[in-house]
Amino acid sequence: MFARQPLRFAQPLKQGFRKYSTEAPAKGKSSLAPIYISVGLAGLGVGLYRYSTASAETPVVDRPKVFTGGEQGWVDLKLSEIENLSHNTKRLRFEFADKEAVSGLQVASALLTKFKPAEGKPVIRPYTPVSDEDQPGYLDLVVKVYPNGPMSEHLHSMNVDQRLEFKGPIPKYPWETNKHKHICLIAGGTGITPMYQLARQIFKNPEDQTKVTLVFGNVSEEDILLKKELQELENTHPRRFKAFYVLDNPPKEWTGGKGYVTKELLKTVLPEPKEEDIKIFVCGPPGMYKAISGPKVSPKDQGELTGLLAELGYNKDQVYKF
């Protein structure tokens with residue numbers, strides 16, 4: 001579901017520039033200059049003292065964490081809100097018992113969900129919340145329903161005030177500020193959720209200058225999840241975040257990519273394998289893994305790198321499969 005042709009970047013926002021005075025200082029000297037300088041430095045010292053004192057007195061909020069991992073069992077959460085995002089996708093909000101608590105997740109990590117059907121064994125599936133890790137009081141899941149997908153069908157059938165069991169966090173790829181100079185996110189369908197978690201963390205941290213390129217494939221335009229949030233990131237950080245949207249069944253007026261992924265597309269939009277300090281993340285349906293990077297052997301075994309990324313010359317250490 002990726003294009004066979006290069007895609008266009010969104011146009012960078014126009015930037016305003018502040019004009020500073022270039023007027024030369026007066027030639028004459030003043031005997032009051034040392035006094036003004038002393039007073040200025042004294043004022044600066046008082047200001048710095050007040051600022052440092054206020055900063056020191058500002059309490060650091062250490063919020064309780066809902067999910068602590070380890071020996072912690074399943075945590076029961078109540079569904080408080082339901083939002084229909086498309087014909088087959090919902091945003092589900094689950095509230096914490098403690099309104100001041102945060103999830104306890106780190107970037108990048110996920111949660112396990114569990115429910116027990118009337119007959120058969122419990123169904124357990126991982127999901128990556130799309131709400132901020134520091135958000136107190138609740139977490140949000142974006143869930144697309146799949147035919148014969150027992151967990152997604154169950155989640156779509158839930159009503160407000162019903163409850164679901166969660167467990168975690170399940171660590172994935174631990175992110176640190178400026179861990180890589182440039183990362184590339186290749187996502188399909190709901191595979192965007194861990195990608196968005198990672199991108200959001202990068203761009204909310206003013207010290208993180210990582211560049212991000214996203215290739216996001218879907219069947220139709222209405223299947224593009226988190227489009228508003230992704231466009232906001234691109235509009236806010238046009239020099240560091242570039243997004244490519246590719247549709248298998250595009251509308252007539254669609255100006256983005258069409259069709260399926262090709263080697264030519266990836267060669268056009270991704271940094272070259274020889275570039276230093278890059279990382280490519282892949283997340284999507286099984287067919288995407290097979291074509292792009294090869295599948296994982298298990299949750300803890302990334303498996304060998306095959307597919308188009310291997311053909312383009314990338315090595316195993318440059319690719320991570322969610």
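Every residue, even glycine, has its Cβ placed from backbone N, Cα and C.
On a predicted model such as this, the values are computed, not experimentally measured, just so you know.
Swiss-Prot annotations:
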- 179-214: FAD binding site (BINDING)
- 72-176: domain 'FAD-binding FR-type' (DOMAIN)
- 32-48: transmembrane segment (TRANSMEM)
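Per DSSP, the secondary structure of the domain 'FAD-binding FR-type' (72-176) breaks down as 8 helix, 48 strand, 49 coil. The binding-site residues listed here are G189, P194; among them, P194 has the most other Cβ atoms within 10 Å of its own Cβ. K179 (FAD binding site) carries neither a helix nor a strand DSSP state and counts as coil.
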